[in-house]
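Have a look at the structure below, then the notes.
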Amino acid sequence: MGQLLSLTWLLLVMVVTPWFTVAGANDSPEARRCSECHDNATCVLDGVVTTCSCQAGFTGDGLVCEDIDECATPWTHNCSNSICMNTLGSYECSCQDGFRLTPGLGCIDVNECTEQGLSNCHSLATCVNTEGSYSCVCPKGYRGDGWYCECSPGFCEPGLDCLPQGPSGKLVCQDPCNVYETLTEYWRSTDYGAGYSCDSDMHGWYRFTGQGGVRMAETCVPVLRCNTAAPMWLNGSHPSSREGIVSRTACAHWSDHCCLWSTEIQVKACPGGFYVYNLTEPPECNLAYCTDPSSVEGTCEECGVDEDCVSDNGRWRCQCKQDFNVTDVSLLEHRLECEANEIKISLSKCQLQSLGFMKVFMYLNDRQCSGFSERGERDWMSIVTPARDGPCGTVLRRNETHATYSNTLYLASEIIIRDINIRINFECSYPLDMKVSLKTSLQPMVSALNISLGGTGKFTVQMALFQNPTYTQPYQGPSVMLSTEAFLYVGTMLDGGDLSRFVLLMTNCYATPSSNSTDPVKYFIIQDRCPHTEDTTIQVTENGESSQARFSIQMFRFAGNSDLVYLHCEVYLCDTMSEQCKPTCSGTRYRSGNFIDQTRVLNLGPITRQGVQASVSKAASSNLGFLSIWLLLFLSATLTLMVH
């Protein structure tokens, strides 16, 4: 029995011992082969022993390895001035905003002020670098947070002013010699006569250029000069370039008081040899800033073809050439410009000087219209009159083809005249457009009526029938015979009086089968100022825009064996100052076309369909009788004065 028990223990030991050996091998880094090591472990073979060891940055027995979070504790990483970011088996140091990682130095501060594109400071601000960031500081005299800076008026450095810059209009200290508007009006010259200009919209820095002068007058200017009532002049001398911006008083002369009104302005002398002025609107109207015409001279660049450039005491100036001298007034070279709204006559200043006119007093029939100096290709003495009957003593003369405006230019070398009074007559002729063809025809088919405005003057309105779309060939005789394929060209014209304010408007134009303009059978061509849209042959060329109105339509006949067509147009003188005269026909009409004022109706006809004989003598007689109709329009007193 004892031997059997010993044998049992021996067998048990033989079976259990290998099991303990295998189990012990699995609990240590030793392995039977390297494939049993973890992916992040290193396998070492030492004879018969295989050892697994976790790599740096990992922890475990080699068979199992886990990542070590170096960022979890401060002593396991070296990111003292940066941000630690754990990675698999290691870590990285990421610099904070405003810092840059440098090998061996870690994170160091970035200077945003020296590296392009890193700061967003305003262009005028100063960038100040700080640890990990920066700040922006506006310059002295500016307000803002540094990202936006704007100057404060009165705080700019000497010689600069707070002015808007670019499209944004930001206020920036700038040199007004580089930022100004240019005033080129020749009428600002103290030589120019009276007018009604007022500088009520002046605000900012300006430079005077052109023939009127390049700087303000420094002495009291007589009233009714510079195209204004009360001329404004600089009460004080102009500054030198080293003085920078100076303040001066601008005075206005009126009622025998050279400084009845005044305003403060600023002046600066610029390096280019010119002045700029910080002007403000005058205290009253009509006041305007005046220039000294003698200030135009100064550089040889301005010399004309009739002048030489000479040096006088170190200053270059223009001097008249001897070749252009004349010995008789009749040889004076002149320049006459006939513009749409004004007439200008100019005389050679050099030739006037050669005749002894060191000073030139030039005026028209109305002495209020005086001459002025004007420099261009040549040096001229010029004078201007409106192309109208009345102003400056201008007289209108009219014939069948042209309207002619005439005046007389007077020349003197002194204010008073004792010996010779030099007079130069001049005139400009203007063609009368559509009216020419009517007045040159022997017997045009035309209807006319007279319109009086407040009893101050008469306007004549005519209506005529033309053969062509240019309205230059009127039909002649008491009647017209046309086929239904032909086109009628109808023109109405306003003649006489001052046409600068009123335009001709056709309010209703229609056709009837009889000469009676009140015939109940009417075919409207224009109704309530607008054309009949259903008739595509109607073309309104002009209406409510000028002194004439025109339309065309294809010939037609009335139903019911009626071969005669009569045209009738109700016309109206529209005041452009207070009314909308040009029709707008896309929407609501102006008024009902049922009522037509027969005292304002022009009549034409008869127009007979070709191939039909008709007695028209009675109709023509009736039509000619209409020429004596006068239409009275009662307007307000203000309008009457304007027309008068």
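Cβ coordinates are placed from backbone N, Cα and C, and glycine is handled just like the others.
According to Swiss-Prot, Cys84 forms a disulfide bond with Cys71, chosen from Cys65, Cys71. Segment annotation: Swiss-Prot labels region 'Beta hairpin' over residues 151-174 (candidates 103-126, 151-174). The record in Swiss-Prot pairs Cys258 in a disulfide bond with Cys220, which is drawn from Cys220, Cys300, Cys303, Cys309.
Record note: of Asn26, Asn40, Swiss-Prot gives the feature N-linked glycosylation site to Asn40, with no matching annotation on the rest. Mapped onto three states, the DSSP output places Cys350 (disulfide bond) in helix. Using a 10 Å radius centred on the Cβ of Cys290 (disulfide bond) and all shown protein chains, the other Cβ atoms total 29. A gap of 9 Å separates the Cα atoms of Cys138 (disulfide bond) and Cys121 (disulfide bond).
Residue with the densest Cβ environment among the disulfide-bonded residues Cys136, Cys138, Cys173, Cys226, Cys581: Cys226, by other Cβ atoms within 10 Å.
The average pLDDT computed over the domain 'ZP' (337-592) stands at 80. In three-state terms derived from DSSP, Cys121 (disulfide bond) belongs to neither a helical nor a strand segment and is classed as coil.
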